[in-house]
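Below: the structure, in structure tokens.
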Amino acid sequence: YARVWIPDVEEVWKSAELTKDYRHGDGVLQLQLEDGKELEYKLDPKTNNLPHLRNPDILVGENDLTALSYLHEPAVLHNLKVRFMDSKLIYTYCGIVLVAINPYETLPIYGTDIINAYSGQNMGDMDPHIFAVAEEAYKQMARDERNQSIIVSGESGAGKTVSAKYAMRYFATVSGSASEANVEEKVLASNPIMESIGNAKTTRNDNSSRFGKYIEIGFDKKYHIIGANMRTYLLEKSRVVFQADEERNYHIFYQLCASGHLPEFKALKLGKADDFHYTKQGRNPVIDGIDDAKEMSTTRNAFTLLGVNESYQLGLFQILASILHLGNVEVKDRDSDSSIIPPNNGHLSVFCELMGVTYQDMSHWLCHKKLKTATETYIKPIPKLQAINARDALAKHIYAKLFNWIVDHVNKALHSSVKQHSFIGVLDIYGFETFEINSFEQFCINYANEKLQQQFNMHVFKLEQEEYMREQIPWTLIDFYDNQPCINLIEAKMGILDLLDEECKMPKGSDDSWAQKLYNTHLKTCALFEKPRMSNKAFIIQHFADKVEYQCDGFLEKNKDTVNEEQIHVLKASKFDLLVELFQDEEKARSPTGAVPATGGRTRLSVKPDKNKGGQASKEHKKTVGLQFRNSLQLLMETLNATTPHYVRCIKPNDYKYGFTFDPKRAVQQLRACGVLETIRISAAGFPSRWTYQEFFSRYRVLMKQKDVLTDRKMTCKNVLEKLVQDQDKYQFGKTKIFFRAGQVAYLEKLRADKLRAACIRIQKTIRCWLARKKYLRMKHAATTIQRYVRGYQARCLAKFLRRTRAAIVIQKYQRMYVQRTCYKRKQAAALVMQCILRAYMARQLYKALLREHKTIIIQKMVRGWLARQWYKRTLKAIVYLQCCIRRMRAKRELKKLKIEARSVEHFKKLNIGMENKIMQLQRRIDDQNKDNRALSERLNSLENSHAAESERLRVELTRLRGAEEDAKNNANKVTSLLEELERLRKDLQNTQKEKKAIEDWAKTYQEEMEKVLLVQICSCVLLWVMCLHWCRLHKDVSKAILDMSLFLKLQKRVSELEQEKQSLQNELDRREEQFQRARARRQELESENKKLKHDLNEMRQSLRGSAEAGSAAPGSPAYTVLLDQLNASNEELEVRKEEVLILRSQLVSQREAMQHKVRNKTSHSYIKYIPDLNEDGELWLVYEGLKETNRLLESQLQAQRRSHENEVEVLRGELQSVKEENNRQQQLLAQNLQLPPEARIEASLQHEITRLTNENLDLMEQLEKQDKTVRKLKKQLKVFAKKINDLEGQTTDEPVHPVNIPRREKDFQGMLEYKKEDELKLVKNLILELKPRGVAVNLIPGLPAYVLFMCLRHADYINDDQKVRSLLTSIINSIKKILKKRGDDFETVSFWLSNTCRFLHCLKQYSGDEQFMKHNTSKQNDHCLSNFDLAEYRQVLSDLAIQIYQQLIKCMENILQPMIVSGMLEHETIQGVSGVKPTGLRKRTSSIADEGTYTLDSIIRQLNSFHSIMCQHGTDPELIKQVVKQQFYIIGAVTLNNLLLRKDMCSWSKGMQIRYNVSQLEEWLRDKNLMTCGAKETLEPLIQAAQLLQVKKKTDEDAEAICSMCNSLSTAQIVKVLNLYTPVNAFEERVSVLFIRTIQESPQLLMDTKVIYPVTFPFNPSSLALETIQIPSSLNVGFLTRV
């Protein structure tokens, strides 16, 4: 049944449900209340109007009241109550009005984080808030270039001032000031000043504003705050002299009394507030929780900030203190018509002293007044009551002047010299008031509210009309309440104010006569004017909100607002300059806006007059308060009409200031008074519910069939609505929206809920069927399984029995077999033992017989052998003796013959004939041979020397190659040099092979020549020997033969020696031949090795050719490994070859020496193999002469050696003598030094040591210069050789070799860059200020600018230039700051310089020389460390700079991500169709459909990819990237969660699913980038838990405990906020009960701080890149740098 609202006395409206269908004509409705009580509700027989229908539960609690399907008073009241009581939401939209209910508690919804959350957001996208209204005004000002106004109204205590204060705080925070004057702080500083002098405690409010104000906040063209201007209305002056019970005077008086103990206030002679009449009438001078002394300090600080100096402040406080003392002045009666002030009145004396006036004048005019007639002027005393009134009037007038002066100076302080482009006005004014006794103040206030209500109604009507016309909906005039008749009643000609002014001009005018004029004029002519039945001094006006009865007493007096002019003259004659300034002419005291502030109150009102000229100042003072107020109100309305208004209606929920307590009666009263219900009525008169076609399609897609869905959404919606709603008057189709009558959305929601319910039933039916079938299948499967297992068990039991039976049989078989086998083995063993014993006995007997026979044979053999040997020895001895006897006899005979032949001398003479000539010939031949030998020896020596030089060169080259190899280990870019060294080694190997071949050829030639010479000499010797023998045989002279026998024996001995030498030469020749064969084999081995080297070279070229495209020449690449292995193998092979060459050379030298020695001694040798014919021409003499010449030659050589030895000995003796002399000289110096005193001894020794060191230094310098010249010469030669080798390599290469693109460097490059001092600015400009990060990141190595700058810094350190180092570092830091300040919003630039700053910092650490930073350095990098300066302080500066850049990077990143996060994470439906769009009100939300300009989750992921790729391209440290990603994810999570907490429409079950899916996509991105360990996932935990909270069950206490344990990353306030905001999207979801929410206690912290930046660290990351290998491209334009 339907649910309705019925009137109720206590709750205003009660909810009930029909228990019986209503039929037309029924006069009674059968209802049931929510408590179960039955009720019969009678319909009004006249109107027969039915009660209001209640909205579906799904629409209750909406942000905008216009979103309700049924728009009426009970629906509005119930929605506000649900939001306020259940959800703790104090703000609600009602069309264009923001309804703010005072919670009477401090809520954490006004912080800077909330301001940032609302900044830049559309008004309908966020939950209702005063910040949303302020943002809308600010945005419209910038977009439409039209001034804006925020009108804040409401009863006292409803929160008007606080709302206005928060609106101004929002403008100050969001816009900021364009100058350095902090204008926004000054605007905010005006609040405590105006509150102290214009606010007071009332029974309804502890900080009630007792005046109205309109503040214009000015903006420039960039919409920064430049100033402000304030207008005030209706100051309640009567509060200065009178306060009701439980009320206070203005705060400033109590603040002044609380600070009276301060030294600067001693002269004011203040006491406690209870000591003064003006501050103790309310009998409650203290406000709980307020420290007046502290508030006084705040007020003074605000004065100082606004430019009011200390002297002016003390002057203000002096005037305020004098007002307090004036109130304590006692007036006594002198008689019935006069009064007197006792002389020496203490308080009056203090007053006169503080005000600078005379005691007599002031005491006189307080008790007298001056009367003027046409002819004379006289002074009349006044009674006590009039004197007291005159005193109070003076106090009120002084306070009003002081109030105006402060407002003027506040305006002057807030005034800007910059031209104002636009402004936003904030109006804080009384709302509609009605009390038991209403007087002139309430009349003026309600008059102003009538004017504001008229303007509000016209604005709402205008917006409605514009909306209909924009959507091309037929416009029908809507009847709305126009309060122009009431306004005419008040301000028209002969109206209430006009009659009041006329009565004030009458000499004897009174309140009674004025009341009679009102009755006579309006009682019968105006229906809005009534007369009370029981009074003739009151009248009733029907205002737009309610009827109000005004009492006429005091109207005339308050309208006149008179004060004794003589008292004013006394004050003007004061010596107190500030007091005189207060009472100067109005022209001089006008505010910067041209309007003079005025005041008013409950008993006396002062208003701000209209703009006037200076000449009219005196006339203006004679204007009545009513006229001034009407003029100033007219000016306000003109201002408001020229702006776009925004309305804030403040509601007071109860009169007792109880937190979150809702009184429906008071709320309805204020809703009627503030125009909210009028807005509802206007909206409900037309088509209040409005949907875009896309939103309607998304919400009610379930009501459509597939065939109804067309590509054109508009046609689809038309077709569906024609079927669903038969009455076409219930809706209208606009251009972009569908307009529905009231109640149609509820009908559509019912259809949708029914359709979903039917679908749910079908789904439940299907699922239950599926579950039942699954259960049946499980039971069937279980039964089958049981049967299978039972049968299996039975089968296993049978099988077990069969196995046991078979096992028993097998066991029996084996048991029986074992018994039989055991018996058999026992018998067999016994037989074997018996056989063994018998056979052993027989074998021993046979062995003994054989042993005896063998020993007998041995004895026989030994005896027979001894007998045979004895016989043989006797026979041999006899034979030997016989042979000796025979040989002795034959020898004696032969001796005799030889002696006879020796005596024959003539025989020898004949033999000597012709021998001398032959000997000379042989001698000449031997000399020639010796010459050839010496030539060969010299050639061999030269070859040896050249080979030694070549060996030394190879050794030097090997040393250099080893150094090059060491460099190759440190540098991956030396592949080219490795190729050169390998080619050089190959050529050296070829040269070595060529030299070896030449040596082998020379050895072969030398061997052949020596064989020829040896043959000739042998032949000569043989001939000589034959001739000698022949001559001896033929010679007959025995005596001469005896004389020459000695010569013959010598020759014979020489021949035998020659034979031995010939044998040794033959052996040597064989050995040489064998060595030659080995050398030949070695040569073949070298050739094979050479082929192997060529093969390795080809493999190396192929590997280089394969890796040339990739440029892989870095250490660890295949090409580098092949080159390094081949270089090591070549070096080892070269060492082996050099050792072999040395061995061959030593062998050849030894051969040469041996051959020379043998050739020199072979002159006279011969070998007798054949005997040719003898020549007797004296060759023997020649031989003899040759021998003598040889002896002389040997003697000369011996003498030469002796002379050289003597020379060497002489030289050594000279050196020894010089050493002795030096020693003596040193001893003499030592003796002299010992004789000197200690000081002179030290000086002399130092002088001597200096002299010695100087000489040594000079010698060393000469040697160093020579070595430098040699090094330079060798370097030049090495370059030439390298060039020639490259040329030869290019010529000899058979196949093309692809060049390896490896940067070459000079051998002496030390990784430094030199620049001139005047080029420093150019260096910084080209490398920092004008460098484009994109080109550097794409084309060059990461961090190249940092490396270049560090290499320049290294050179400055190397030359020990302190000024250059300091200047360069300062320029670098300042330039980086400059470029970041210029392009700080460019993420690529900030990321680039963060990476380079970190790299520069790492370089300073890596090359600082500290051991902790040198662990990963190579030896070459350690050589490049800074040597002269410790830059630890600059490292700290750079670290701070890096932190600043990191924070700027985070800020830049946040600015880019901020617009994407809410749209992509919350609004966009990543999973289409999961969430349905609920009905919205006038404030439309941003559509969740992905349009072209809408950000999606893919947009966020693309942006994250962009951030990550940019940082990777720039070479950012991986740890730093992880920290940035963590910060990114924290921003995403915090912003998403904060918006979730501020948007009621996002807190639903389906939205929780969307959020969890989006978070899973972000986690997948982290996995793809290998960033799961960076802590970014943990930053999303609060968002994940919030999404889970939206989806979990929320009913029982167990659910609450589960929520508290699950949501450990959320604060209690956040959990409660989500539960309060949880909104069902469908009718099947349930709201969270208030009881469930109360089980979780609240805490003050609500939103996450999106400005939190995690502490950043820069882990040390050393670079493996060697500085000497860095190549500087020409694109950097740093050609002025010189590599060092």
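Here the Cβ of each residue, glycine as well, is placed from N, Cα and C on the backbone.
Since this is a predicted model, take the numbers as computed values, not measurements.
What TrEMBL annotates here:
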- Gly154, Glu155, Ser156, Gly157, Ala158, Gly159, Lys160, Thr161: ATP binding site (BINDING)
- 912-1009: coiled coil (COILED)
- 1048-1144: coiled coil (COILED)
- 1184-1291: coiled coil (COILED)
- 1-51: domain 'Myosin N-terminal SH3-like' (DOMAIN)
- 60-753: domain 'Myosin motor' (DOMAIN)
- 1370-1649: domain 'Dilute' (DOMAIN)
- 590-621: region 'Disordered' (REGION)
- 633-655: region 'Actin-binding' (REGION)
Open item on the list: Let me spell it out: take the region 'Actin-binding' (633-655), skip the flanking residues so only those 6+ beyond its ends count, and list any with a Cβ under 8 Å from a Cβ in it.
Closed with: 80, 84, 94, 96-104, 130, 133, 136-137, 140, 144, 146-155, 157-160, 163, 167, 204, 214, 231, 233, 425, 427, 431, 447-448, 451-452, 455-456, 459, 595, 608, 610-611, 661-663, 666-667, 670-671, 674-676
Open item on the list: Just to verify: the residue among Gly157, Gly159 with the fewest other Cβ atoms within 10 Å, which of the binding-site residues is it?
Closed with: Gly157
Task: Env. residues of ATP site, Cβ within 8 Å of mean position of Gly154, Glu155, Ser156, Gly157, Ala158, Gly159, Lys160, Thr161 Cβ - done: Asn102, Asn205, Ser208, Ser209, Gly431, Cys650, Lys652
Open item on the list: Are there any residues at least 6 positions away along the chain from Ser156 (ATP binding site) with a Cβ closer than 8 Å to its Cβ? List them or say none.
Closed with: Thr202, Arg204, Asn205, Ser208, Ser209, Tyr430, Glu433
Task: Cβ neighbours of Glu155 (ATP binding site) where a neighbour is any other Cβ within 10 Å - done: 25
Open item on the list: Could you give me three numbers for the region 'Actin-binding' (633-655), the DSSP helix, strand and coil residue counts?
Closed with: 9 helix, 8 strand, 6 coil
Task: Cβ neighbours of Thr161 (ATP binding site) where a neighbour is any other Cβ within 10 Å - done: 24
Open item on the list: Give me the long-range Cβ neighbours of Ala158 (ATP binding site): same chain, 6+ apart, Cβ under 8 Å, in sequence order.
Closed with: Ala100, Asn102, Gly431, Cys650, Ile651, Lys652, Gln670
Task: Whole-number mean of pLDDT values that fall within the domain 'Dilute' (1370-1649) - done: 81
Task: List of residues, in chain order, with Cβ under 8 A from that of Gly154 (ATP binding site) and at least 6 apart - done: Ala100, Lys160, Gly431, Arg649, Cys650, Ile651, Lys652, Gln670, Cys674
TODO: Provide the number of Cβ atoms within 10 Å of the Cβ of Lys160 (ATP binding site), excluding the reference atom itself.
DONE: 27
